[in-house]
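What Swiss-Prot records for 1-29, 144-221 is region 'Disordered'. Annotated compositional bias 'Low complexity' per Swiss-Prot: 9-23, 157-173, in sequence order. Positions annotated as domain 'HIG1' by Swiss-Prot: 20-111. The transmembrane segment annotation in Swiss-Prot covers 46-68, 83-102. The coiled coil annotation in Swiss-Prot covers 112-151.
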């Protein structure tokens, strides 16, 4: 249970200026009483009130029995005793109320303060729960962001070799097109080769000359 200093710090403005009783600071049972315990404590604090009540009941019972027996004198004595017991009970109640007025006022303040502390504890628990949920949401968002970044890095790393290979293939195809001539183009004729062919045509066949279309040699004198 928090001490009186903490209680005063969280008390409302009307209660913070008043010192709280130190006899209840460390008494946890005072704050956790049920109805029977509360009545028992009140009886221990003001024992004259239950004594006066018991005396009143006893006097009334004695008067009833004397009336049944027909003893009128005893009936009168019991009624006077009942009145005296009731007066004693009233005096005990007034005296007890006056004697315990300050403590009861402090008890009311303590009960109000306890209710405020319970409400504040609930509010703090609610705030802490919201903070924990917010932290969990942020951690989840960070994990998802890291996963997205790693996936993007893996995709970029896997796509880089494919791009280089495509560029290499395109360069190789361009070079191949430049080296090879296109279909239907005639390669340039070598002039030395044409001169040799003309000389061979002028030589006779027995000297290695070429034959004509009809198989005859081309002899030119």
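Think of each number as a place in line: the chain as shown, counted from 1.
Every residue gets a Cβ built from N, Cα and C, even glycine.
Since the structure is predicted, the reported quantities are computational estimates derived from the model, not experimental observations.
When pLDDT is averaged over the domain 'HIG1' (20-111), the result is 80. Broken down by DSSP into helix, strand and coil, the domain 'HIG1' (20-111) contains 79 helix, 0 strand, 13 coil.
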